[in-house]
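Taken straight from TrEMBL:
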- 1038-1053: compositional bias 'Polar residues' (COMPBIAS)
- 1038-1059: region 'Disordered' (REGION)
- 12-30: transmembrane segment (TRANSMEM)
- 331-357: transmembrane segment (TRANSMEM)
- 364-385: transmembrane segment (TRANSMEM)
- 391-412: transmembrane segment (TRANSMEM)
- 446-466: transmembrane segment (TRANSMEM)
- 478-500: transmembrane segment (TRANSMEM)
- 536-555: transmembrane segment (TRANSMEM)
- 862-881: transmembrane segment (TRANSMEM)
- 888-912: transmembrane segment (TRANSMEM)
- 918-939: transmembrane segment (TRANSMEM)
- 967-984: transmembrane segment (TRANSMEM)
- 990-1014: transmembrane segment (TRANSMEM)
Amino acid sequence: MDITKQAIKNATGVGIGITLLVFLGLYSLFNLPVQLFPDIERPNINIQTSWRAASPQEIESEIIEPQEEVLQGIPGLESMNAWANQGNAWINLEFGLDTDMQKTLIEVISRMNRVPPLPRDALSPNIMLAGSGGDAPALTYFFLQRLPGNPNEINTYVTFFTDVIKPQLESIPGVARARMESGVGGVEEFQIVFDPFKAAQLGIDLTAVANELGRANDISGGFVDVGRRRYTLRFEGRYEPTQMGEMILEWRDGSPITLNDIADIKITRADGANYSVQNGNPAISIRVDRQNNANVLATLEAVKAKVALINEQDLAPEQLVMAQSFDASVFIYRAVQLVTSNLFIGVLLAIAVLWLFMRQLRATLIVALAIPISLLSTFVVLQITGRSLNIISLAGLAFAVGMVLDAAIVVLENIVRTRKSAEVENKCSNSQTHMEDCAHRGTKEVFGALMASTATTVAIFIPVMFLEDVEGQLFADLALTIAIAVCMSLVVAVTVLPVVAARYLNGNMPADSLQRLWAKITRAIMQLSSTPLRRLVLVITLMGVPITGSVLLMPSMDYLPPVKRDAVDAFLSLPAGASENFISEEVMPIIVERLQPYMDGEKQPALKNYYIITWPNGGNLGVRAKDQSKVKELEAIVRDEILKDLPDTQTFSQQGNLFGGFGNGRSIDIHLQGTDQAMLGIAAQAGLDKLREVFPNANVRSNPPLEQAEPELRFYPNDSRMMEVGLNRGSMGNLVRAMGDGMYVGEYFDGTKRMNIIFRSAPWFTPEDLNSTPVMTPSGEVVQLGELVGIERAVGPSRIQRIDGRRTLTLNVNPPEGMSLEEAMKVITSEVEPAIMAMMPADGAINYGGSADSLKGAIASMADNFLFAMVLLLLLMAGLFKSLKDSVLVVLSIPLATVGGVIAIRIMNIFTFQPMDLLTMIGFIILLGLVVNNAILLVHQTRLGEQEGLTRDDAVEQAIKLRLRPIFMSTLTSIFGMLPLLLLPGAGSVIYRGLAAVIVGGMTVSTIFTLLLLPTLLRMTASTSSVNLLKPLAERMQSTGASPTTSSTVKQNKYNDHV
């Protein structure tokens, strides 16, 4: 069906369709969810198992190893990482992107049911589906602060948050859930805190008390029939909290000794060095998650409004306040506004270029119609496909601004040429019918070339959309938006533009004021390739130099661009075994005191807010300045003043990275694996020292920390003495546990929540105190604990890491600013790796992870997709041209674009650091579909000339002359449309700056030199035949009754008149 002809005949329908499309586009624009980045799927399953008071070694042997054994071999499993911490185990299962996670979750649960029974006081594993279909993405963070004058501990407000704050936040449309993350201490417990001295004085055997508490349970006796009724038998053996103190332990002289005589009973929170402070006040950190596809900005505004109401109505009377930590909406607004302004500036520049060529307002506006219609159509498709409006999709629209004009420019140019050809033949008429005929014939003549160029441009984005891992998901929106816009631009060019041109260009055709320039360029090109020797030199030069230059000048590779936010993040490595008192009294007060003058505005830069979060052996500090431009100054202050000389604490600070959540930002993980843990630790220390030597300004650390061996008090049983007093190793182990964090003796359920019942000793302060603690034995003898066990000081691991079933030590380094990942990896493999291998055990191995591993996989995937795109491009053009030779000629122009992109990146690095990151690499794939458009036009027009009977040289010359103007117009509109993305700095501009440089540089170089290379190649291949694009000339002449010779003569005369 001839859609152009149908559109011209039904101009009213076209107008109605465009009006409807505009309304749908505007509706979609205002209803699309707005967020910073596209949603990223990470198919992961997390398994968390808590076992209070257990050491990392116990967690590893009793929980992690049995779970790993049953989880191995799950279909789609790519890696299994496990961590054994004090009191809990964490296993992360990472799967391929094409894994059916719902079926996999069922499989994981089924396998976990085959794990041997857990220790008595270990909780059931918590299996969580993360990423795809699982854990909701974080929306924002708040801190619930205890204000000065409030006498209560902040962790006493946990129930207040659960009952008052949480329901209000989760009722907001778009909010998935609200949860506490830090500052709450340990879990709530039912604690029985005994005094060992009182127990010994009263002759109470503590192990017997613990056993009795464990046996005090409700027991069901089944059913019994009594007469005509059946009764359920129940023994109410469980103590209520108010009754437990009255539990009788023994009778002495007719008087009972109760639990109250030796112990205090209370409901409290377990010990835990988990503290949070915001703006100097003790706080609980609160994470608010959003629902998938929720509008981030709208949801954030609703949450902030609700929090303001909660502060006024619920928190003020309690002397509490909720304050936001990092407001993502600020950065989103800035980034979206920047890329939107770039888009509009690009539109104006592209239209200005059009006007400079056409010098006729009406013709310029007709071509410019393609921009709003194509962009609004893209919004409709984004809405239908469930996408969001984010910095990536908006950048795609900005890139598409100039590209959507290409088809319209070519169509209008050919309509004008068709009209002028009619004037030459004295067939000119200003009638509406004649103008419609010119519009139809002019559009139809270039439809094949436009179809080919559009198909190649769109097809080239298919590999981008199917890239795996984070990069594919992150940049799919970019490819999708450009592809949609380009497709719609073709539809506009062959339907809307002919209708408008036929009606509004009648008798008012724009003149080409640069005809003499095009003629001079044409003659110069033909002269440069006039002899076989010149053609050979040109081809060798224009193909050899770009390929060689691309290889020699290629910048070093990187993973993701460093998208900085206006905050400083710091990591604190606390000393091994740091106590709660050390953290709360020696570390936090110093940081708070140093930050307070900046918070009060007494020192500059004044702070907007800050927070501190600590946990055993570590912590984070986040600081934001009121003036976002002062972030670099603030980074130096945090490093050199705030965190300087903290007691026994190592620190590292840097500007926050918004890409930190996508594949570890720019980190390199060096995994050391082996069976000899002592030698592995020595090798890791050698690697850590070498990393700090070669990267003096980088963040370098080990995981688990090598310097954080956990101090231990180890008890060695005196078996003979224990046997004398009636004790064994099992009962002695329980007693030692009771002397520490406490011994689990049962569970209490009040109808709404469950709590562990913990039997534990009153605090003691030195090993000597513990050694002299009296113990009542089953034999009736009171002895000191030191008689039954020997106590020694030792160290053990604070954390155990396992990767794919093997113990692992990881060295982590973030390359300094100005150094790419590829450069850092070269230094590591040449200098650091040999230092590590020299100390590794015989079975030791080194593997790389983090962004380094992701970059390696991404480069391999990118190379495969680049080759796939090349083959796809070649085959697609061969099908459209009906000639493999023509498609090869077009593809041969691609190296010119590659070297242009490489040169542009090199020039950019003179002014600012710009590595070859993944988005920049994608620019080269996109270039494949863009730079062939000019070559397609030249080849297509050459074949048309030959179909009309021209010689190859004349056809090439005609093609250059006729297509120079549209080639320069389309190229310059595309380049100027993208220039704002390249030149204007601002929030998020680093994401697409490298991509813009590649495309602008590639298109510039390719356009200039393709006009030399393609005509040369076409003239070199003049002796070979090519399958015709159009119906054979003789066949067409037979159907019209004309002779080929006559037609050729007329065409040659018309061409001469134009020249």
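From the backbone N, Cα and C atoms, a Cβ is placed for every residue, glycine too.
TrEMBL does not curate its annotations; it predicts them automatically.
At the 8 Å Cβ cutoff, the transmembrane segment (918-939) and the transmembrane segment (862-881) share at least 3 close pairs (sequence separation 6 or more) and count as touching. A Cβ distance under 8 Å defines the sequence-distant neighbours of the transmembrane segment (446-466), meaning residues of its chain 6+ beyond its ends; these are 4, 403, 406-407, 410-411, 414, 472, 475-476, 478-480, 482-483, 486-487, 489-490, 493-494, 865-866, 868-869, 872-873, 876-877, 880-881, 922, 925-926, 928-930, 932-933, 936-937, 940-941, 1029. As a quick check, the transmembrane segment (536-555) and the transmembrane segment (391-412) miss the bar of 3 or more Cβ pairs under 8 A, pairs 6 or more apart, so the two do not touch. Three or more CB pairs closer than 8 A are found between the transmembrane segment (331-357) and the transmembrane segment (391-412), so contact between the two stretches is assigned (pairs 6 or more residues apart). Contact between the transmembrane segment (967-984) and the transmembrane segment (391-412) is supported by 3 or more Cβ pairs under 8 Å, counting only residues 6 or more apart in sequence. Among the recorded stretches 364-385, 391-412, 478-500, 990-1014, the one sharing the largest number of Cβ pairs closer than 8 Å with the transmembrane segment (12-30) is 364-385. Residues of the same chain lying 6 or more positions beyond the ends of the transmembrane segment (990-1014) and with a Cβ under 8 Å from any Cβ of it are 339, 391-392, 395, 398-399, 521, 525, 528-529, 538-539, 542-543, 561-564, 889-890, 892-893, 896-905, 907-908, 914-917, 919-920, 922-924, 926-927, 930-931, 934-935, 938-939, 960, 964, 967-968, 971, 974-975, 978-979, 981-982.
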